Amino acid sequence: MTNPTTDAAKKDRVIIFDTTLRDGEQCPGASMTFEEKLEVAELLDNMGVDVIEAGFPIASVGDFESVSEIARRTKRAVVAGLARAIAGDIDRAGEAVRHAQRGRIHTFVSTSPIHLAHQMRKSEEEVLEIIAATVARARNLVEDVEWSAMDATRTPIEYLCRCVETAIKAGASTINLPDTVGYATPDEYRNMFQTIRERVPNADKAIFSVHCHDDLGLAVANSLAGVEGGARQIECTINGLGERAGNAALEEIVMAIKTRGDVLPYETGIETTMLTRASKLVSAVTSFPVQYNKAIVGRNAFAHESGIHQDGMLKNASTYEIMTPESVGVTKTSLVMGKHSGRHAFREKLKALGYNLGENALEDAFRRFKDLADRKKHVYDEDIEALVDEEILTAHDRVKLVSLSIIAGTRGPQRATMKLDVGGEIRTQEAEGNGPVDATFNAIKALVPHEATLELYQVHAVTEGTDAQAEVSVRLAMNGSSVTGRGADPDTLVASARAYLAALNKLLVRGERLHAHAAE
Ligand code: KIV
Ligand code: ZN
């Protein structure tokens with residue numbers, strides 16, 4: 001069996017290191033539940049990602065548990081846990097990836113003068129000692145150690161060379177040189193890798209890695225330039241999710257390499273037909289919408305609107321299309337079954353859309369599909385995806401919507417009557433509000449009292465037409481952290497209630513976890 005994490009330099013095979021579950025999840029409001037993280041990790045593994053950075057085990061009990069469980073379940077990919085240059089972090093990361101078939105500790109320390117002076121308050125010599133000690137400690141726990149120089153692109157090259165040499169000597173087999181603040185240009189980033197690889201005497205003992213943030217919109221260009229400079233691992237995230245402006249987008253990097261093999265003579269192990277599914281899943285679990293004109297996975301990425309373009313496309317698709325929609329998993333929007341379709345057809349449809357549901361989840365999704373088909377004339381693939389994503393994500397929810405009726409219109413106050421199932425107990429409430437959405441949310445607050453505040457309320461239509469399903473995103477904040485929930489339904493108010501409850505359920509789970517930990 002070939003091992004891309006060690007053979008990459010020889011074959012120009014580029015290692016794809018996905019950090020959606022770590023750097024991506026650090027993005028405010030993008031936090032995922034335990035189950036959501038497992039689902040994303042499974043998809044990344046099936047899609048051919050080489051390394052999954054599953055989290056930051058010391059950050060919280062929840063992070064530790066999800067990294068451990070992903071480590072246990074992942075079949076092909078290396079599973080990495082992040083650690084600062086602190087003994088406790090490294091030991092915790094080692095414990096979290098202990099059960100992985102292939103586990104990695106990824107430890108980092110800042111190297112730039114700005115970080116050393118203002119954040120670390122350490123001298124260059126002290127940081128070199130820290131690198132040697134922490135990498136060696138990690139190497140005692142696992143064979144596969146990655147070391148990162150945080151803020152590498154603002155670090156003087158002579159000092160960066162000494163840091164890299166020290167890390168490799170201490171046992172790091174991957175050296176990551178991040179553009180932490182998204183400051184570099186492609187030429188600078190390419191040159192940095194070339195120089196380091198020329199000057200560091202033991203550089204041939206490690207694989208070099210790029211990790212770029214998108215503050216100036218250069219993350220993908222910089223990542224590819226770094227590969228031209230000799231790096232053979234790319235750290236990236238689905239949909240470019242990540243701190244501030246985000247990280248380099250995995251789907252853009254992979255498709256640039258695939259489409260421009262003439263100037264980028266590299267290969268990845270990614271099954272590109274799964275990119276759209278991955279994008280939708282990450283968008284669903286984080287409730288971060290994908291920009292319509294986003295490269296590769298935006299809903300307009302393959303839409304040709306102008307007359308000239310449409311004319312060209314009809315004559316020959318290559319006139320305006322540099323890659324096919326099918327190559328990234330976009331299937332033609334097709335009319336799915338109607339209300340007479342049976343379970344078998346529904347199951348086949350789900351398989352074609354990339355879902356693999358257990359019997360109970362399938363039964364629930366089928367019931368909701370029938371209900372939707374009764375209310376909506378045409379049911380499209382996108383409708384099924386919205387419905388199933390919601391079904392998967394809310395399967396374990398403690399608070400569920402049973403029914404909702406609303407009195408709305410020009411004469412207020414608007415009024416909501418809501419029935420909820422709260423852990424098996426049915427509760428009913430009537431509430432007024434300044435508009436029907438406000439009345440709906442007030443009813444939830446009365447039925448399940450909580451302190452959370454609403455940070456975001458967003459609606460968009462899943463497909464076209466006035467009977468389209470509304471997809472609503474709600475972000476709630478409590479005790480300094482925020483979560484997002486999503487709900488879909490042809491009735492915008494029902495979708496709003498579902499989205500609010502999805503977010504509230506996440507907060508409840510988080511609260512229970514913290515409570516359990518405090519009691520330990
Ligand atoms: O951007 C960065 O420098 C990071 C490191 C922790 C690798 O995310
Ligand atoms: Zn980062």
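Cβ coordinates are placed from backbone N, Cα and C, and glycine is handled just like the others.
Annotations in TrEMBL come from automatic prediction, not curation.
Taken verbatim from TrEMBL:
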| type | residues | note |
| --- | --- | --- |
| BINDING | Asp23, His211, His213, Asn247 | Mn(2+) binding site |
| DOMAIN | 14-276 | domain 'Pyruvate carboxyltransferase' |
| REGION | 400-520 | region 'Regulatory domain' |
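In the predicted model, the region 'Regulatory domain' (400-520) shows an average pLDDT of 88. Taking a C-beta cut-off of under 8 Å and a sequence gap of six or more, His211 (Mn(2+) binding site) has these contacts in its own chain: Thr19, Ser148, Asn176, Leu177, Pro178, Asp179, Thr180, Glu235, Asn247. Sequence-ordered, the extra residues of this chain that approach the Mn(2+) site, with Cβ no more than 8 Å from the Cβ center of Asp23, His211, His213, Asn247, are Thr19, Pro178, Thr180, Cys212, Ala219, Glu235, Cys236, Thr237, Gly242, Glu243, Gly246, Ala248. In this structure, the binding-site residues that sit close to ligand 1, with a C-beta under 6 angstroms from any of its atoms, are Asp23, His211, chosen from Asp23, His211, Asn247. In the three-state DSSP reading, Asp23 (Mn(2+) binding site) counts as helix. Across the range of the region 'Regulatory domain' (400-520), the DSSP-based residue counts are 40 helix, 53 strand, 28 coil.
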